[in-house]
Amino acid sequence: MTRQDLLIWFTLSFFWGASFILIKLAGESFSPLWVAFLRCAFGAAVLWAVFAWKRPALPTREVFWPLLTVALLNNAVPWTLFAWGELTVSSGIAAILNATTPLFTLLVAWLLKDAHVNSRMTVGVLLGLVGVGLTVSGSLIGGNATALGLAMILAAALSYALANTLAKSRLQGYAPLGIATLQLTLSGLMLLVPALLSGFPAEVTAKALASVAVLGIFGSGLAYLLFYTLLSRTSATQASAITYILPIWGIFWGVLAGERYGLLPLLGVAVILAGLTLMNRTPRHRP
């Protein structure tokens, strides 16, 4: 990667890594449905502004239902689950468990017979699951997390994996900006009525409002633009390597916010990252 690519990569990891603490702060005033809806709304507003400037091609009608499903699985459902889970789970632990998305993606692809899983990948997945066990155990024993909250975070990671698999098979070849803009818009529309039915926040603090605005503008809208820019300039493997650093950012922001972590969760993230490294390592061919 060039220096500019590395700058984009670092900035994107910074935005996404900060998302977990922003979700936590936004949840101090907004319900999970409102956090997810406002995140979509702010993010979609940014993308529509760029869309009006660049005017890319919109996806054709035949991909409407796959796009709607991806919007549900990649935004509406997981963003609500993250906000719900972080009512009891610390932002750093949420960031660690989010790193299981590639593990779930490989498992889903294998179940759908869409990927060949060799012994190296199998060991990587098993290591990842051990890391999840260490993180969950440490959070339940030494922290304030609940089993339900942790399950919601893991369910969100699984939802991301399902969305990734569907997007790879049905949404390839379309303008990324058009896909991302419609995806966030559809997600926001899906969340609007449930958010309204859940009731309005009793009191909105400036900190919570600023957090959800930054989450939507930078952690969603601009992050999508940076990610697709990075994909157009580098390989998918290089772009997806951001997964490795997100838990580090998540823990960093959590510590700044006053969160404390025990030994088991920190050991868990190391084991998860080791599993991801093993899964994605390109085997060397002997001459």
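Note that Cβ sites are derived from N, Cα and C of the backbone, with glycine treated the same way.
Nobody curates TrEMBL annotations by hand; they come from automatic prediction.
Annotation comment: TrEMBL describes 7-27 (among others) as transmembrane segment. For the transmembrane segment (7-27), same-chain residues at least 6 beyond its ends with a Cβ under 8 Å from one of its own Cβ atoms are 1, 35, 38, 82-83, 86-87, 90-92, 94-95, 98, 207-208, 211-212, 214-215, 218-219, 222-223, 226-227, 229-230, 233-234, 238-239, 241-242, 245-246, 248-250, 252-254, 256-257.
Note on the domain 'EamA' (8-136): mean pLDDT across this stretch is 90. The domain 'EamA' feature in TrEMBL is assigned to 8-136 (among others).
Taken from TrEMBL, the feature transmembrane segment applies to 33-51 (among others). Long-range contacts of the transmembrane segment (33-51) within its own chain (CB-CB distance under 8 A, at least 6 residues past either end) are made by residues 23, 26-27, 75-76, 79-80, 83, 177-178, 180-181, 184-185, 187-188, 191-192, 194-195, 198, 201, 212-213, 215-217, 219-222, 224-225.
Long-range Cβ contacts of the transmembrane segment (63-85) within its own chain (Cβ-Cβ under 8 Å, at least 6 residues beyond either end) map to 20, 23, 26-27, 30-33, 35-36, 39-40, 94, 98, 149-153, 155-157, 159-160, 162-164, 166-167, 170-171, 174, 179, 182-184, 186-187, 190-191. The transmembrane segment annotation in TrEMBL covers 63-85 (among others).
According to TrEMBL, the transmembrane segment annotation covers 91-111 (among others).
Positions annotated as transmembrane segment by TrEMBL: 123-141 (among others). Outside the transmembrane segment (123-141), and at least 6 residues removed from its termini, the chain residues within Cβ reach (under 8 Å) are 89-90, 93, 96-97, 100, 103, 106-107, 117, 147, 150, 154, 261-265, 267-280.
Residues or ranges marked as transmembrane segment by TrEMBL: 147-167 (among others).
Positions annotated as domain 'EamA' by TrEMBL: 148-280 (among others).
Under the heading transmembrane segment, TrEMBL lists 174-196 (among others). Tertiary neighbourhood of the transmembrane segment (174-196): same-chain residues 31, 33-34, 36-37, 40-41, 43-44, 47-48, 50-51, 54, 56-60, 63, 67-68, 70-72, 74-76, 79-80, 220-221, 224-225, 228, 231-232, selected by CB-CB distance under 8 Å and a gap of 6+ residues from either end.
Residues annotated as transmembrane segment in TrEMBL: 208-227 (among others).
Look at TrEMBL and you will find 239-256 (among others) tagged as transmembrane segment. Same-chain residues lying 6+ beyond the ends of the transmembrane segment (239-256) with a Cβ under 8 Å from its Cβ atoms: 9, 12-14, 16-18, 20-21, 90-92, 94-96, 98-99, 101-102, 227, 230-231, 266, 269, 272-273, 276-277, 280.
Residues 92-93, 96, 99-100, 102-103, 106, 120-121, 123-139, 141-143, 243-244, 247, 251 of the same chain sit 6 or more residues outside the transmembrane segment (262-279) yet have a Cβ under 8 Å from a Cβ within it. Among the features that TrEMBL reports, transmembrane segment is placed at 262-279 (among others).
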Taking DSSP H, G, I as helix and E, B as strand, the domain 'EamA' (8-136) contains 104 helix, 0 strand, 25 coil
